Amino acid sequence: METKVIAINRRSANITEGKSRAPNRSMYYAMGYEESDFKKPMIGVANGHSTITPCNSGLQKLADAAIDAIEEAGGNAQVFGTPTISDGMAMGTEGMKYSLVSREVISDCIETCVQGQWMDGVLVVGGCDKNMPGGLMGMLRANVPAIFVYGGTILPGHYQGKDLNIVSVFEAVGENAAGRMSDEDLLQIERRAIPGTGSCGGMYTANTMSSAFEALGISLPYSSTMANPHDEKLNSAKESARVLIEAVKKDIKPRDIVTKKSIENAVAVIMATGGSTNAVLHFLAIAHAAGVEWTIDDFERVRQKTPVLCNLKPSGQYLAVDLHQAGGIPQVMKMLLVAGLLHGDCITISGQTIAEVLADVPDAPRAGQDVIRPIDQPMYAQGHLAILKGNLSPEGCVAKITGLKNPVMTGPARVFEDEQSGLKAILDGKIVAGDVMVLRYLGPKGGPGMPEMLAPTGALIGAGLGESVGLITDGRFSGGTWGMVVGHVAPEAAAGGNIAFIEEGDSITIDANQLLLQLNISDAELESRKVGWTAPAPRYTRGVQAKFAFNASSASKGAVLDDY
């Protein structure tokens, strides 16, 4: 990509230059600006710091470091806030329905502030799951030079010689309910699982999306697997600010970086690292914001040619900090590049291509570690996020299929209209091996907000039923989920999807080998059940949930709000 040097304040000049803008400049003077500052670029800092969650409570120091570096590099830092929801805290409650909504609110905040204030560039600092897709969607809509600074991963907790993370606690609840763990051990795991700041430590949603941002080239190399408490994270934030100022000078914008080829790169890295099912939903939305043609079937295309190289939780053994020590995302990317599974000509925020960024990275992982496998000895020959279709999900749904002893099951439906009743049935011992749980009316419109469900899946794992009980839903799963689970079923129940017409005891087949999700009744029987069906009344009639339910597209299109 050829870059050209431009006036670095060309956007902000709209509100700072000329006699008619004297009132505007007066307001800047009130904040300590000098006349010379108006020739400098106005750089937004979208600060996701919050004391709501440890994922974001360590962000202020990164924002401060970036602000200082922006000023030192000749820019004016303009700080504004973006909200967050703690998925880990909201999980299993009505609050979880606000998680996906927050993705849209974050993107709206960034687009609104950047465009409303004529900013010349923006640096986004985020931590918890929806901060990443929401941040990038806002960056793409505004389409000014931009970079994402990830808050960093959390360090592991420890108990009885084992590493712990937030998923350990959810699974411990299930073990305790099944009589396999004492109350004292549950309490100790609860207290020790999260020792400090940073995002949840496995290849869960936050680390999945931040790793994908490295692969896109919208974040700096190695930044996604750094731990929040470590000094290198501060240094990375400073370097991100310096790189952004250069991108403003060269006019490198998000839509130059986020293309179909770079999304393929990101999805290849998601597959290679064993990332979260949520990445499917979020990259459909990111592609929409970028104006890139990308469908749910493209994930399956990339999956079939990309091996799983990393032995990472939830279905593997290690955490993001271990991946960092083993060479980080650049090592994984270099292996994929050498194997012809990555596009090396994609541009990054630094102005370098992916191939140039990876030039000095070894072709193969170092010996003596088991986090990153050699390309010819992968964890699995194909990716783990499979797109299933069938009469229960003609638009597609997402299953995490690696690590399962038997990726095929047929069993009787156990139908629940909400998450809480399904969780109670598990904890009360009413779900048995061979059952297929159906949790419905939890999609983008029906939830509304398409809540994640780590509590039921964690309870199944803890009860020893993770591979013997199936669970399908039009809602989502946490990045920490594993087992025989299928989410994002589309069309959703609230839109009249066939998941709405499953009856208790119906036979359901989940077949990851054949990429099939099937309700085993005749077409005639299925059609007869639809007679007289009407959509349920909205659960919310005012506020953000009502707006989300009214506007949200299908999960197969990313559950976006502007698919008009």
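Each residue, glycine too, has its Cβ placed from N, Cα and C.
Under the three-state DSSP scheme, SER478 (active site, proton acceptor) falls in the coil class. Around SER478 (active site, proton acceptor), a 10 Å sphere centred on its CB holds 30 further CB atoms from the protein chains shown. If you look up Swiss-Prot, you'll see SER478 marked as active site, proton acceptor.
The [2Fe-2S] cluster binding site annotation in Swiss-Prot covers CYS55, CYS128, CYS200. Cβ environment of CYS128 ([2Fe-2S] cluster binding site): GLY48, THR53, CYS55, ASN56, THR84, ILE85, SER86, ASP87, SER199, ALA206 lie under 8 Å away, each six or more residues apart in the same chain. Under the three-state DSSP scheme, CYS128 ([2Fe-2S] cluster binding site) falls in the coil class.
Annotation comment: Swiss-Prot describes ASP87, ASP129, LYS130, GLU452 as Mg(2+) binding site, evidence class sequence analysis. Cβ neighbours within 10 Å of GLU452 (Mg(2+) binding site), excluding its own Cβ and spanning all shown chains: 32. According to DSSP, GLU452 (Mg(2+) binding site) is assigned to a strand segment.
Cβ-based neighbour count (10 Å, all protein chains) for LYS130 (Mg(2+) binding site) stands at 28. Marked as N6-carboxylysine by Swiss-Prot on the basis of sequence analysis: LYS130.
Neighbours of ASP129 (Mg(2+) binding site), defined as other CB atoms within 10 A of its CB across all chains, total 32. Every protein chain considered, the tally of other Cβ atoms within 10 Å of the Cβ of CYS55 ([2Fe-2S] cluster binding site) stands at 31.
Within its own chain, CYS200 ([2Fe-2S] cluster binding site) has CYS55, GLY88, THR153, ILE154, ASN165, ILE166, VAL167, ALA206, ASN207, GLY479, GLY480 as residues 6 or more apart in sequence whose C-beta sits under 8 angstroms from its own. Checked against SER478 (active site, proton acceptor) by C-alpha proximity, the binding-site residues ASP129, LYS130, GLU452 yield GLU452 as the nearest.
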